[in-house]
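Since the structure comes first, as structure tokens, the remarks are kept for the end.
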Amino acid sequence: MGHVDGERLRERIAVELARARARTTLLTEVVDDADLMRQHSPLMSPLVWDLAHVGNQEELWLVRDVGGREPVRCDIDELYDAFKQPRRDRPALPLLPPAEARAYLGTVRDKVHDLLDAVTFTERPLVADGFAFGMIVQHEQQHDETMLATHQLRSGPAVLHAPPPPEPSVRVGGEVLVPAGEFTMGTDTDPWALDNERPAHRVDLPAYVIDAAPVTNGEFAAFIAEDGYRAQRWWSSAGWVHRLREGLEAPMHWRRDGDEWSYQRFGRWSRVRADEPVVHVCFYEAQAYAAWAGKRLPTEAEWEKAARWDPATGRSRRYPWGDDDPTEAHANLDQRHLRPAPVGAYPAGVSPLGVHQLIGDVWEWTSSTFDGHPGFTAFPYREYSEVFFGGDYRVLRGGSFGTDRSACRGTFRNWDYPIRLQIFSGFRCARDARPDESHR
Ligand code: AVJ
Ligand code: FE
């Protein structure tokens, strides 16, 4: 890493750290202390836990590991260890009160700026290309998205505000054929890609067809209207058991208003907008809808080929639109808007094959369980990804309106239990190509 590049990287890291912290601050200053300490759902931590956990991870990885500095405080490591403290138990812990948590984050961040001034981006893997800093930026942004999901679950008057997303400017619908053949999945070169996105490897897929857009509220409402929730034949056996136990009848936060549907978005109720991607559905609901539609969910590899493969060059790109970082024109990211954008609102984000809104708007459930790519090695710690492999987790792709662009790429992988719907989860459908389609 040359001197000039090193300076540019230092600047980029400082900007990204500041952007993450501004978001954390916003999400935790719009509610009062009692609200920060409260658990809004057993699925979520009190916001003040996320807050101090963000600081603690930054201390562990940057201050102590990269910097080799004295601990800021080592009496709280256990409290903020996600593996030692299950979410439902977190409100009962002797957590740092909000003012103390904020002071802690400030002290840690000051030390990180010290460190950033002094660090050389050597070939030591943890610091090469600023990886550890990038990992911590993404960690904070991921918790910010989690805190945003907590905001969606809290009751009371609205405290978050944002302009509406853009209106559609192109007509998008139907399906796109992806021809059979190999493509490169994963990456070796994206400097801040996390361990589970690596290594790059070739995957050969038969021809398939994928929806040009995520499934919309209007489409999902048709499934409800045709009694999709009551017809066991559309549901997997695990899905049906879950649907009965939870009494699922519609996406989370929906309510019937006469003949129509309304939904609650960050404390405000409004009529459900038909052309917006559906959000807050669990994997089982997505799977049932797909079966009803005569389709299925895409595999993770199918999602990634549709998002990254460029038929003109045979190369896999970083994003559907190419290798450039996302801008406002490409995708609905960064909590810039507080809801998914209607289908057709991001023509500049289209993939070479004509698939829209793969990045941003809603996380998309895939049919794949979460596992390492062939040749996976845990880095820098097993607890980020590896301990979740081989479990019951399903992979989600593409990021949501609440995902920051630093934590979103064509290779980025999210995962959760199939019953989860408090995350900003939606989906699109796929199917095998028929012989008459694939030999044109
Ligand atoms: C990748 C979103 C599943 O929030 O559990 C945060 C990210 N890992 N802290 C999560 C994460 C450690 C993770 N997800
Ligand atoms: Fe974490």
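Glycine is treated like the rest: Cβ placed from N, Cα and C.
Automatic, uncurated: that is what TrEMBL annotation is.
What TrEMBL records for 17-147 is domain 'DinB-like'.
A helical conformation is recorded for His143 (Fe cation binding site) in the three-state DSSP classification. According to TrEMBL, the Fe cation binding site annotation covers His53, His139, His143.
Close to Asp89 (gamma-L-glutamyl-L-cysteine binding site) in the fold, though at least 6 residues off in sequence, lies no residue with a CB less than 8 Å from its CB. Look at TrEMBL and you will find Arg87, Arg88, Asp89, Arg90, Asp416, Arg420 tagged as gamma-L-glutamyl-L-cysteine binding site.
The domain 'Sulfatase-modifying factor enzyme-like' annotation in TrEMBL covers 174-431.
Annotated pair Arg420 (gamma-L-glutamyl-L-cysteine binding site) and His143 (Fe cation binding site), C-alpha to C-alpha distance, rounded: 16 Å. Of all Cβ atoms in the shown protein chains, 24 besides its own fall within 10 Å of the Cβ of His53 (Fe cation binding site). In sequence order, Pro42, Leu43, Met44, Ser45 constitute the residues six or more apart from Arg87 (gamma-L-glutamyl-L-cysteine binding site) in its chain with CB-CB distances below 8 Å. Distances between the Cα of His139 (Fe cation binding site) and those of the binding-site residues Arg88, Arg90, Asp416 are shortest for Asp416.
Checking the binding-site residues His53, Arg87, Arg88, Asp89, Arg90, Arg420 for a CB within less than 6 Å of any atom of ligand 1 leaves no residue at all.
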